[in-house]
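Peer 1: Pasting a structure here, questions to come.
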């Protein structure tokens, strides 16, 4: 378990400015898909990318990225507009051409203060721009970019996008395009495609999409912590081989790690054995539609898979059993979406809506953020920043799967909002489960 130990710092922000597309953009109202309009997609992406200083010491990263933002909005012109609510609760985008919000900032310290983005450090909150919680949806900027300079020349780029206009892959596509324009490219290498009607159902009356109610936050009775845990690639591969020998079918790294985490977290939290626990995880559905969604589509094209089990059965069962439950959840979602229309079964949470009983896994390993190169190499680190209230995340059930510092090293798990004693128990359970397989060597 890696101990978080980041340093507090202060960010000086200059007045925000609006950055309009560098060329006139179409004035129109474009529709969002039914998936974009889901309540679960009303959140905000806050992505932070950390970079070393540019090799060219005369380069001004603030100016470069501000100009790149103006250029990329020509191709992503809907993002220069505003969201609008329709009568039936769905959303649309009014392409106003107003532009994106751009913030320049600076820190009187070196980039080393960001060496550990796994920490719940309130200082990190200053590295992105936050709308007030009561901001009307019509007043949200669809793109906000904050560039923060450090005394060593390193920079942090914070990008904020509403989930309603893109999913994780779509957000990474936009950031990559922004980086390409910063490098001097004439246009993005991947043409952005809006076409949200591709995900609308043939029969709106038949539309029943997976949604889940808000999850009750944990009672703040004790200090909560956040930590990371790396599972090396050799361990993952060996466990995969062991499991595949048992079931005679392919198992992915995600399935093995997700099952491992689900069991270990459930045991560490000491959830009553009579209760149910649920594992939620998003799946990219772009290739499952008929025809598949085109490359460059940056709207929400994800579905949420749900794996549920009784606590006693999960803890008494094998790793393979948990993997098979996860496989079934994936298969069920694929079956529902492998048609030309968006249709799934209605869903309700049968887990008492307690945050401990629900774990949402978010896999960031292949979204594309780590490939963003603004002209001075790839990012040192990438992080999804959650809004903190009173020093704690507003959403406490997410666990992120990230590449380790060196991608070939394995998978990094980022756990948050768990008491330090529980984090310690989680580590012990994880190591014991891994040792059970590795000791067979």
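Each residue, glycine too, has its Cβ placed from N, Cα and C.
When I checked Swiss-Prot for this same protein, it listed these features:
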ACT_SITE  163  active site, proton acceptor
ACT_SITE  373  active site, proton acceptor
Peer 1: How many whole Å apart are the CA atoms of residue 373 (active site, proton acceptor) and residue 163 (active site, proton acceptor)?
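Peer 2: For residue 373 (active site, proton acceptor) versus residue 163 (active site, proton acceptor), the Cα atoms are 23 Å apart.
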Peer 1: How many other Cβ atoms are found within 10 Å of the Cβ atom of residue 373 (active site, proton acceptor), counting all protein chains shown?
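Peer 2: Step by step: centre on the Cβ of residue 373 (active site, proton acceptor), count other Cβ atoms within 10 Å, giving 15.
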Peer 1: Other than its own, how many Cβ atoms are within 10 Å of the Cβ belonging to residue 163 (active site, proton acceptor)?
Peer 2: 18
